[in-house]
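Novice: Here it is, the structure in full.
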Amino acid sequence: MAAPVLLRVSVPRWERVARYAVCAAGILLSIYAYHVEREKERDPEHRALCDLGPWVKCSAALASRWGRGFGLLGSIFGKDGVLNQPNSVFGLIFYILQLLLGMTASAVAALILMTSSIMSVVGSLYLAYILYFVLKEFCIICIVTYVLNFLLLIINYKRLVYLNEAWKRQLQPKQD
C-alpha cells in the first residue's frame, strides 16, 4: 500500500509577515552587534549608539567573554577556535535559517524551526541571567534579541499546530 500523498499546504499570511519582520529585525540587530564588537576590539574607547548611560551599555556586554561562543565555546575549543565566534554570528545564522526554512511548509522544516527556536530561547535565558546577575548591565540590543527569539518560538509553535491540523484534515477519509 502506498503512503498517502499530502497536498500542498500553505501557512497563514500573518505568519509569513511576522516571521519576515522578526527575522529582518534579528538580522539587522545581529549585524549591528557584530559591528559594535569589532569596533570595541579595534578601539576600547569606542562608544556605541546603544551605550546610553552608566547602566545601559551594550558594548560592555557584547565585548565581554560571554559575547563570544556564549562564554562556553572558548574554554572548549580555545579562545581563537573557529567555533568561538561572536554571539552575533550565531544570531545571524539563526535568523537566516529561520527565514529560509520558514518559506517551506514541510514537516522537517517545521521541526527544525521549532527545535532551533527552543534552543535560542534557552540560550537567551542563559545570556539574560549572565547579563543581569554577572555583568550587571542592561544591553538593549541583547534584550531585544531575546524578545525576538521568544516571538519566533511562538510563531513556530503556531506554525507547527496549524500545519499538523492541515495535514490531519488531508488524511481523513472523504465522506460522500
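Note that Cβ sites are derived from N, Cα and C of the backbone, with glycine treated the same way.
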Novice: According to Swiss-Prot, do VAL9 and PRO54 sit on the same side of the membrane?
Specialist: no
Novice: With reference to Swiss-Prot, specify which of the listed residues CYS58, CYS139 is paired with CYS142 by a disulfide.
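Specialist: Disulfide mapping in Swiss-Prot sends CYS142 to CYS139.
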Novice: Mind giving me a neighbour count for CYS50 (disulfide bond)? Other Cβ atoms within 10 Å of its Cβ, every protein chain shown.
Specialist: 20
Novice: For CYS139 (disulfide bond) and CYS58 (disulfide bond), determine the Cα separation and express it in whole Å.
Specialist: 4
Novice: Hey, which bits of the same chain come close to the transmembrane segment (88-102), Cβ under 8 Å, at least six residues off its ends?
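Specialist: Answer is 15-16, 19-20, 22-24, 26-27, 29-31, 33-34, 37, 62, 70, 109, 112-113, 116-117, 120, 145, 148, 152, 156, 159.
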Novice: Roughly how many Å separate the Cα of TYR146 ((S)-warfarin binding site) from that of CYS58 (disulfide bond), to the nearest whole number?
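Specialist: CYS58 (disulfide bond) has its Cα 14 Å from the Cα of TYR146 ((S)-warfarin binding site).
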Novice: Show which residues of the chain containing CYS142 (disulfide bond), separated from it by at least 6 in sequence, have their CB under 8 Å from its CB.
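Specialist: Once residues fewer than 6 apart are set aside, CYS142 (disulfide bond) is near CYS58, ALA61, LEU62, LEU127, ALA128, LEU131.
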Novice: List, in sequence order, the same-chain residues at least six positions removed whose CB sits under 8 Å from that of ASN87 ((S)-warfarin binding site)?
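Specialist: Listed in sequence order: ALA33, LEU62, TRP66, GLY67, ARG68, GLY69, PHE70, LEU127.
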